[in-house]
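In TrEMBL this protein carries:
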- 8-233: domain 'CWH43-like N-terminal' (DOMAIN)
- 12-35: transmembrane segment (TRANSMEM)
- 55-73: transmembrane segment (TRANSMEM)
- 94-112: transmembrane segment (TRANSMEM)
- 118-145: transmembrane segment (TRANSMEM)
- 157-182: transmembrane segment (TRANSMEM)
- 202-227: transmembrane segment (TRANSMEM)
């Protein structure tokens, strides 16, 4: 059995690989078609013009689904490991809510392009990265509260490091974007897909785009830390049939001994 086949570790692996592929494929397509500059464009710029916009949208929607599945499994795992610790259970519920909000924001990013509906796109980005950063913080705190009984201190320090990487990328991107869109370097820069290195504001643009790519990969790196945890968990579904037919008649129901007719696990 390969390492990614153990338990449910395939979920975070699929999330990271698929999300990274959505960025890379959209970038390559946009570069080949000369829709953006090769040197570090905004991720959103690589998903603005068809056909890469279509690829970007559908792949990020699938990423959002994989993210929700991963976060739900993480929620169930923490709940199972700490059934009587109210503080951890409360944080765990908060983490799941924040994670689902972040995934919803990713759907907004995927379906509302920056150059078409800018403000809605920004709302999606704030949900994805802003709320997502708080989700990372909650999971890091949970890792601290569960060590050393549940796992070692190493995973806490790794998650804390990735979280600080995420925060530094957010600060860098926010400051450079405020400077860039302050009006000092012209107007309507949101629609601008091609930049000349000699233009004013080019340095702020590059810092902003590099920070965005750094932010995206800090998120993916955080989910990589779930792989070892997910190797030790599996989900089971039990199917119960309350009768031998699907007709809604009294005769279709048997005794209590016949209630559980089929049981299996996935």
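The backbone N, Cα and C atoms fix where each Cβ goes, and this holds for glycine too.
When Cβ distances are compared across the two stretches, the transmembrane segment (118-145) makes contact with the transmembrane segment (202-227), since 3 or more pairs at least 6 residues apart fall below 8 angstroms. Residues 3-4, 9, 11-13, 15-16, 19-20, 23, 39-43, 67, 70, 74, 129, 132, 136, 139, 155, 158-159, 162-163, 165-166, 169-170, 172-173, 176-177, 179-180, 185, 195-196 of the same chain lie 6+ residues outside the transmembrane segment (202-227) yet bring a C-beta within less than 8 angstroms of a C-beta in it. Long-range contacts of the transmembrane segment (12-35) within the same chain: residues 4, 41, 43, 45-49, 51-52, 55-56, 59-60, 62-63, 66-67, 70, 193, 213, 216-217, 220, 223-224, 226-227, 230, each at least 6 residues beyond the stretch ends and with a Cβ under 8 Å from a Cβ of the stretch. Averaged across the domain 'CWH43-like N-terminal' (8-233), pLDDT in this predicted model comes to 90.
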